[in-house]
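What follows is a short report on a single structure.
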Amino acid sequence: MQILLANPRGFCAGVDRAISIVERAIEMYGAPIYVRHEVVHNRYVVESLCERGAIFIEEISEVPDGSILIFSAHGVSQAVRAEARSRNLTMLFDATCPLVTKVHMEVARASRKGKEAILIGHAGHPEVEGTMGQYSNPNGGMYLVESPDDVWQLNVKDENNLCFMTQTTLSVDDTSAVIDALNTRFPKIVGPRKDDICYATTNRQEAVRNLANDADIVLVVGSKNSSNSNRLAELVQRMGKPAYLIDSAADIQEFWLQGAQCIGVTAGASAPDILVQQVIARLKDLGAGESIELSGREENIVFEVPKELRVEVKQID
C-alpha cells in the first residue's frame, strides 16, 4: 500500500494563533486560564491545553472574578463580549480568527446601515452564533440559511436592501449553490467584496480533491465537531471514494484498508501534524510503504498574537 499526503493540510494561521494565545497566557500568568468554548475543535489540542492548565467553559458566569479569560477562535457575539467586559476579570484576550473577525465586521456594518443580512452557515456552530450576534439593528433583520431550499423559503422585509456573508469553514461547492440561489431569489443582493470562506478551507478542499483522484480511500484527521474537517470527508465521499474522519491513529479500522492500493491522508485546519505522523506510523505497521506528499499551494500567512503575549513558549507539536 502507498500513502499519499494532501498538501496543504493541518493547522492554519488562525488555529496557530489561537493555540499560541492560550499557551502564552498560561506561560505568562500561570494556571488556570479560562477559555470560552474549545479554543479550536480538536480533541488532542483541547486535552493537551487542559493538562497545561486551561479550563474550557461555555458560560461567562462560570469564570471566577479576577480570572483571565480567552475567547475561542470561533468568535463570540456582542452580548457575550459585553458580558465578559462587565465582569471583574484580570485580563481578557480574544483568540477569534482574524478572518472570522472580517465577517463580524461585515455584519456589524450591515447592521449600522440598516441593511438586512443573510448568513450562509450551519445552525448551532459557535462561529455562526458569534457572527449572527454582531447584528443589533431592530429595524433590519439577520437570517441564517444552510441550503438553496432555505433561500427559496426565506421571507425578508426589503428585497432591495439585502447583503449576504458566509461562515468561513463551509464547502466551497455547497456555498456556491446557495449563493446562486440567493442571486436568483434576490437579484439586488450584495455579497462580500472578498470571499468569506477562508484561504485554508479553500486550499484544503482543493488539496483533498486532488488527493482523492489518486487514492482508493482517504483518512481525514480531525474531530467530529470540526466543521472544516467534516467538509473534507464529505467532499471525498461525493467523489465516490470512501472517506473516514478520525481523531487519531487508534480510530483506524483494518477492514477499511482491505483491497486499497493507495491510502490518502489529510488533516483539518485544527488538527496538529503529530496526529498525521501517528497515522502514517500506524499505516506502516499495517503494511503500507513510505509516504509521498503531493504538490500543493504554499501557505505563508501568519497572524500575530496580542502584543501582551509576545514571549517564547513551548508549543504543542
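Glycine residues also receive a Cβ, built from the backbone N, Cα and C atoms like all the rest.
Model, not experiment: these values are computed from the prediction.
Swiss-Prot annotations:
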- Cys12, Cys97, Cys198: [4Fe-4S] cluster binding site (BINDING)
- His41, His74, His125, Thr168, Ser226, Ser227, Asn228, Ser270: (2E)-4-hydroxy-3-methylbut-2-enyl diphosphate binding site (BINDING)
- His41, His74, His125, Ser226, Ser227, Asn228, Ser270: isopentenyl diphosphate binding site (BINDING)
- His41, His74, His125, Ser226, Ser227, Asn228, Ser270: dimethylallyl diphosphate binding site (BINDING)
- Glu127: active site, proton donor (ACT_SITE)
Completion exercise
Spacing of the two Cα atoms, Ser226 ((2E)-4-hydroxy-3-methylbut-2-enyl diphosphate binding site) and Cys97 ([4Fe-4S] cluster binding site), in whole angstrom, works out to 15
Practice task
Report the residues of the chain - excluding His41, His74, His125, Ser226, Ser227, Asn228, Ser270 - with C-beta within 8 Å of the mean position of the site's C-beta atoms, for the recorded isopentenyl diphosphate site, in sequence order.
Solution key: Val40, Glu127, Thr169, Asn225, Ser229, Gly268, Ala269
Fill in the blank from the handout: Of the recorded positions His74, Glu127, Ser270, the one whose Cα sits nearest to the Cα of Cys12 ([4Fe-4S] cluster binding site) is Ser270
Problem - For isopentenyl diphosphate, whose listed binding residues are His41, His74, His125, Ser226, Ser227, Asn228, Ser270, the greatest C-alpha pairwise distance in Å - result: 15
Completion exercise
What DSSP gives for Ser227 ((2E)-4-hydroxy-3-methylbut-2-enyl diphosphate binding site), in three states, is helix
Exercise for the section: Name, in the order they occur in the sequence, the residues of the same chain whose CB lies under 8 A from the CB of Asn228 ((2E)-4-hydroxy-3-methylbut-2-enyl diphosphate binding site) and which sit 6 or more residues away. Expected result: Thr169, Ala200, Thr201, Arg204, Gly222, Gly268, Ala269, Ser270
Fill in the blank from the handout: DSSP says Cys198 ([4Fe-4S] cluster binding site), in three-state terms, is coil
Completion exercise
Same-chain neighbours of the [4Fe-4S] cluster site, Cβ within 8 Å of the mean position of the Cβ atoms of Cys12, Cys97, Cys198 and not counting those residues, run in sequence order as Ala13, Gly14, Val15, Ala73, Pro98, Leu99, Val100, Thr168, Thr169, Tyr199, Ala200, Thr201, Ala269
Handout entry: Of the recorded positions listed as Cys97, Glu127, Cys198, the one whose CA lies nearest the CA of Ser227 ((2E)-4-hydroxy-3-methylbut-2-enyl diphosphate binding site)
Key = Glu127
Fill in the blank from the handout: Counting Cβ atoms within 10 Å of each Cβ, the densest environment among the recorded positions His41, His74, Glu127, Ser270 belongs to Ser270
Exercise for the section: Could you check what DSSP calls the residue listed as 'active site, proton donor' once collapsed to helix, strand or coil? Expected result: helix
Fill in the blank from the handout: Sequence-ordered recorded positions within 10 Å (Cα) of His74 ((2E)-4-hydroxy-3-methylbut-2-enyl diphosphate binding site), taken from Cys97, Glu127, Cys198, are Cys97, Glu127
Fill in the blank from the handout: Cβ proximity for His125 ((2E)-4-hydroxy-3-methylbut-2-enyl diphosphate binding site), under 8 A, sequence spacing 6+, ordered by residue number, returns His74, Gln167, Ser227
Problem - Subset of binding-site residues (His41, Thr168, Cys198) lying within 10 A of Glu127 (active site, proton donor), CA to CA, in sequence order - result: Thr168
Problem - Cα separation, Cys97 ([4Fe-4S] cluster binding site) to His41 ((2E)-4-hydroxy-3-methylbut-2-enyl diphosphate binding site) (Å, whole number) - result: 13
